[in-house]
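Let me begin by presenting the structure, written as structure tokens, before commenting on it.
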Amino acid sequence: MDSVFSNVARAPEDPILGVTVAYNNDPSPVKINLGVGAYRTEEGKPLVLDVVRKAEQQLVNDPSRVKEYIPIVGISDFNKLSAKLILGADSPAITESRVTTVQCLSGTGSLRVGAEFLKTHYHQSVIYIPKPTWGNHPKVFNLAGLSVEYFRYYDPATRGLDFKGLLEDLGAAPSGAIVLLHACAHNPTGVDPTSEQWEQIRQLMRSKSLLPFFDSAYQGFASGSLDTDAQSVRTFVADGGECLIAQSYAKNMGLYGERVGALSIVCKSADVASKVESQVKLVVRPMYSSPPIHGASIVATILKSSDMYNNWTIELKEMADRIKSMRQQLFEAIQARGTPGDWSHIIKQIGMFTFTGLNKEQVEFMTKEFHIYMTSDGRISMAGLSSKTVPHLADAMHAAVTRLG
């Protein structure tokens, strides 16, 4: 007898996660995985931060800890500390109780909860997202019932920001449209606006009543400074206007598999923020009821303790500095080989990813001939590189450019 699901078509492999599947199936000893967005040590190993291990040990040793359900909005301390981390301790939004923060399932979950709330309670159902953006963004917003449009962001000719196109497209967006903004370390391009450009974006968006929805996946991971990487968000919050912010602790605390994140919604008044929170609860309750305890407890433990917080900032800067060092080493290795073209974008871009400018054919060539795995758009994770593997990557890029043009 046929299955009632026999007509279900096989879904395509996720383009990013599929890179790792292909990498795992390759027996080559020289293979490199530059596809996945997770930090690796110089030895190519996953890293658990020392401060995270200490926090976990502290939690394990606490006999008063139980495994009861937590509130729909999550752990109160975690929410307060997360808002403080992204907005700044002295933010008027916090002191005036104009922000509601809800613990969610990492960045993706925070985006989805925010999108579901907006679909029901906001007068516009169109969201503008940068072209290109993280591959999951359009799916998250479409499945929440929002209509996705794109605004120009990256200029392949300069391998930098298409600022003119960005302003034109947002200027042409309907009044009140939602706009997704990467708070820092734009994924996949590594290209961020300058602080002056952010101010122009803010002025334009406020003049058209466009609603900012920030995705902050890399705070502290881009520049090495938590405050510097939050400046774009704080610029918008400082004007008293409203916005949404999705936070993730996957990258900056290395808590990838713990799924720890937060959604903050900054409102015009404490009364509105309270009503908004009551409705966000109605989004969460039928979706996953309440969030998990462990990861958020780790984050709250670290953010509450001045010693642990300081240790975290040191480890975070070490990760950011290693990525910057990989950029420099790769740039110098390409220069040394005399590879045609201007490769300065490798050291100008910021954060975990570099948008190399390599095309699909060149990427396929590098995978086949050199066992280097990356997404077909030419994005490479700098965190997956080491001093030992940079020469092999530079050789592959040189061969791809010189042989295929």
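Glycine too: its Cβ is placed from the backbone N, Cα and C atoms.
According to Swiss-Prot, the protein carries these features:
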{"type": "BINDING", "residues": "GLY37, TRP134, ASN187, ARG379", "note": "L-aspartate binding site"}
{"type": "MOD_RES", "residues": "MET1", "note": "N-acetylmethionine"}
{"type": "MOD_RES", "residues": "LYS251", "note": "N6-(pyridoxal phosphate)lysine"}
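Sequence features, as recorded in Swiss-Prot, placed on the structure.
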residue	record	DSSP (3 states)
MET1	N-acetylmethionine	coil
GLY37	L-aspartate binding site	coil
TRP134	L-aspartate binding site	coil
ASN187	L-aspartate binding site	coil
LYS251	N6-(pyridoxal phosphate)lysine	coil
ARG379	L-aspartate binding site	strand
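The residue listed as 'N-acetylmethionine' is 46 Å away from ARG379 (L-aspartate binding site) when you measure Cα to Cα. ASN187 (L-aspartate binding site) sits 13 Å from LYS251 (N6-(pyridoxal phosphate)lysine), taking the Cα positions as reference.
Cα spacing between MET1 (N-acetylmethionine) and TRP134 (L-aspartate binding site): 42 Å, rounded to the nearest whole number. The residue listed as 'N6-(pyridoxal phosphate)lysine' sits 8 Å from GLY37 (L-aspartate binding site), taking the Cα positions as reference.
Cβ contacts within 10 Å of GLY37 (L-aspartate binding site), excluding its own Cβ and spanning all protein chains shown: 20. With the fewest other C-beta atoms within 10 Å around its C-beta, MET1 stands out among the modified residues MET1, LYS251. Within the same chain, residues at least six positions away from TRP134 (L-aspartate binding site) with a Cβ under 8 Å of its Cβ are ASN187, PRO188, ASP215.
Other C-beta atoms found within 10 angstroms of the C-beta of ARG379 (L-aspartate binding site) number 25, with every protein chain shown included.
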